[in-house]
């Protein structure tokens, strides 16, 4: 095994030599063997052990075990104890995901602080096959079938070409001791079923299963890469990104061979689950929207508009912002200045002039509501705000982002940046003119 | 099940209604149930049964069984008996592949002759999962994981959303009789292992395995489609096809994210097996080549050149073509005319003039050999033909396609279309001038 590993390192990860390496060590068979192999090959290694405190005393015995191991081999060791259950509750994560986040965050901290070049983990070929089969039973896509990457940023997995059997054989031949792996109980149930009942039958069918599986993974990774090339290219043609807003051109996506498939690929990293609702947006009315845990996708005329939920004003009836009589300027939710002037100078969309005596304080800045009316300048009669928006071809986003300036009775003074209400305009009898400007 | 099938047909294959359908019926559970379902739903069906004669008396009993079935239900039936073993031997095919070829060829003949609209087969969800797992054990790529298509040309598989269990339940409830499926023994071994030992465990892990698997297949099919879109696009940029020759631009393929992955996709339908040799061609010397069962891939300067083996002159030392003294024209292997002339008119690459008295008949037309020398006109001394080709920047293909005209002693008279040998040129003492022209 030493020879095979040396050859594998020389061919596939030669850059590990003479580098500062940090081995993630649980105390289980795989990581202990990885440590033994690299120590035997005289690599520059340190150890990092996470005590997740998920199995009571057993967790502490694991910690003690790896601590002793590091003393025997004189390798530097880092140990950290985590309150995994609290972290998983606080962040609404499964224990397994919580442990993974804690682990990798800490490893990267160690890398930064102690200038490690690479983090090594002991994943092997059987892990890859088990993960493949777990994803198969759950239902997945191509991304669930491409395996654990050999190299991912600064994380390297040198044992991926090896089977559990080879690792076990090496451990026995070298009289290596280890502790049983700690792992999430429900995953363990599934993994054990696959490990003991499914994979042995597959290996009966094809005794060189793992090596043909390795080739299969490579093929799928290559297909995934080609697919990503295509998505990158299509993105550049049909997506416009501006600040936190991503606009997908519906017309262009409809011209592709399989619009839904492309839409899935474009949005798959934004936590959507109701894909049929997402696909329906392509032909829905403007204003329809679908939410994921983190994002909103909004149909707006010719575009699907993706934005983070935090950037979206979900509630049309939000709180009002008060403006008192003596305030000369407000900055939130929108920047307004108030100035009493002698005469009216240039008017533009950013500036209005009102008869100050007609106002009732406190003025309010707020969002619009359905059913509200405006008495627009340069027009007789009143007009529904929704009709005004429609006639002026406001997009759904523009409507959402529009603020109203109102008086204390909630009458509209100004659709800010768009249209003044004539009820408060200056007239020939105006005595005090107030100039209001947005910046 | 009738309801579920009706709904499935209405949604996914509504075009089957009022069409002339041909059901492929083996006599096994699946096809007998498909027949029963469609007969119950009053579809316009006929039956087609292949007797592959692979299981002696059992095969004949199958035939008798479906024949009786058709009489009971008054459906038209077509039955054909095949010598499958002979066909598989003659065509060097596995029994399974041979049976498939015979079956589908015959079905399409029936479709043509009797104007059927669609051929229906009884593949179901478990078949799909078994095939997926068989491909997994053998090693495969994305194309091995996309499942049996619901619709493929005029072949439709209406039972694909159903599990074997549902089909069996329907058969029992309706007291349907069937015969055990005939199938290839070695595949049966593998399928049985998967069916009885692997799939039940996967179903324990996820009881709704088949429906999540259906979704997985859809995802993979969509990924496959996106990948094909990309390959189609890349092909149009880096491939030139001219008659039977396909030229792949090496420089352009090297600029892609993963040249080997693209090369695999471009060539995967041409029976190559030694993929590492294929990939090595990208950086190999001009003239290197790799053969598949059907094709040759040749490195030629800036291109990889793909051609069918039958179009390639594999043997450089091929037979010579004789030309007798009295022949005025030959057409094979190249068109040449011979004419005795009084004087030399315009010379060009397609025409030479030689001193007829210097020739020894029969002349020969043949390919060149390594080590041959030319005594070129307009030059002193001799020159190796290989050097001449190199200096004149012949591509490998051009060298292969070049013919020599020689005299009976095998001395070169003319590198046809390229360079005359001065040993046979006309001189001031020439009495008979022979004009030789290619067309």
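Including glycine, each Cβ sits where the backbone N, Cα and C put it.
The ATP binding site annotation in TrEMBL covers B:26, B:27, B:28, B:29, B:30, B:31. Annotation comment: TrEMBL describes B:210-244 as coiled coil. The domain 'Lysidine-tRNA(Ile) synthetase C-terminal' feature in TrEMBL is assigned to B:363-436.
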**Study point:** Helix, strand and coil residues within the domain 'Lysidine-tRNA(Ile) synthetase C-terminal' (B:363-436) as assigned by DSSP
**Key:** 16 helix, 24 strand, 34 coil
Study note, to complete from the structure: Neighbouring CB atoms within 10 angstroms of the CB of residue B:28 (ATP binding site), all protein chains considered, total 18
Study note, to complete from the structure: Counting across all protein chains, other CB atoms within 10 angstroms of the CB of residue B:29 (ATP binding site) number 21
Check your understanding: To what whole number does the mean pLDDT across the coiled coil (B:210-244) round?
Key -> 91
